[in-house]
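Features reported for this protein in TrEMBL:
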DOMAIN    28-59  domain '4Fe-4S ferredoxin-type'
BINDING   39, 42, 45, 49  [4Fe-4S] cluster 1 binding site
DOMAIN    60-91  domain '4Fe-4S ferredoxin-type'
BINDING   71, 74, 77, 81  [4Fe-4S] cluster 2 binding site
DOMAIN    135-164  domain '4Fe-4S ferredoxin-type'
BINDING   144, 147, 150, 154  [4Fe-4S] cluster 3 binding site
């Protein structure tokens with residue numbers, strides 16, 4: 001039997017059907033539809049985040065805005081979430097995000113820039129010297145924690161993080 005969704009539920013984003021798959025939810029979010037059903041948009045996680053990277057989106061659900069900074073995985077958002085939308089189930093990782101660096105990256109265009117490298121603590125983004133040229137950019141996706149530190153520092157806005165479940169072009 002199909003789930004019946006009321007118009008009110010659909011309009012206010014509680015069905016999970018209006019949520020975009022390219023939105024990054026807070027760390028330790030329960031998955032997809034469950035998050036949309038559990039998150040009430042109360043804003044407690046937003047107020048608890050010491051980095052100030054959490055916001056409430058237009059569907060009244062919590063999301064991450066890496067343009068404001070990085071996630072330090074402090075778990076303060078999880079501690080204050082009374083709705084069960086954020087839950088740490090050890091040894092669960094905070095989230096499954098995929099990083100990509102687009103061609104508008106200054107280093108990829110031959111312009112010296114290492115802003116992302118300077119911010120990447122796990123060294124997922126690094127540069128190797130190239131004699132007679134700008135150092136070449138390298139990315140080890142397995143080392144990327146998805147903290148987002150590299151995003152705000154990139155002057156070319158070339159770095160993106162997306163949920164692993166997101167399929168570009170599917171939306």
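Note: Cβ is positioned from N, Cα and C throughout, glycine not excepted.
Note: TrEMBL annotation is automatic and uncurated.
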For this session: Go through the binding-site residues 39, 42, 49, 147, 150, 154 and tell me which ones have a CA within 10 A of the CA of residue 71 ([4Fe-4S] cluster 2 binding site).
Result: 49, 147
Seminar exercise, completed: A 10 Å Cα radius around residue 49 ([4Fe-4S] cluster 1 binding site) captures, of the binding-site residues 74, 77, 81, 150, 154, exactly 74, 77
Exercise. What three-state secondary structure does DSSP assign to residue 77 ([4Fe-4S] cluster 2 binding site)?
Worked result: helix
For this session: Pick the one among the binding-site residues 39, 45, 49, 144, 150 whose Cβ has the fewest other Cβ atoms within 10 Å in this structure.
Result: 144
Exercise. For [4Fe-4S] cluster 2, what surrounds 71, 74, 77, 81 with a Cβ no more than 8 Å from their Cβ centroid?
Worked result: 26, 27, 28, 45, 48, 49, 54, 73, 75, 76, 78, 79, 86
Seminar exercise, completed: The number of other Cβ atoms within 10 Å of the Cβ of residue 74 ([4Fe-4S] cluster 2 binding site), counted over all protein chains shown, is 13
For this session: List the residues of the same chain that sit at least 6 positions away from residue 77 ([4Fe-4S] cluster 2 binding site) in sequence and have their Cβ under 8 Å from its Cβ, in sequence order, or write 'none'.
Result: 26, 27, 28, 45, 48, 49, 54, 62, 86
Exercise. Beyond 39, 42, 45, 49, what residues of that chain have CB atoms within 8 A of the centre of the [4Fe-4S] cluster 1 site's CB atoms?
Worked result: 26, 41, 43, 44, 46, 47, 48, 54, 56, 62, 77, 80, 81, 85, 86
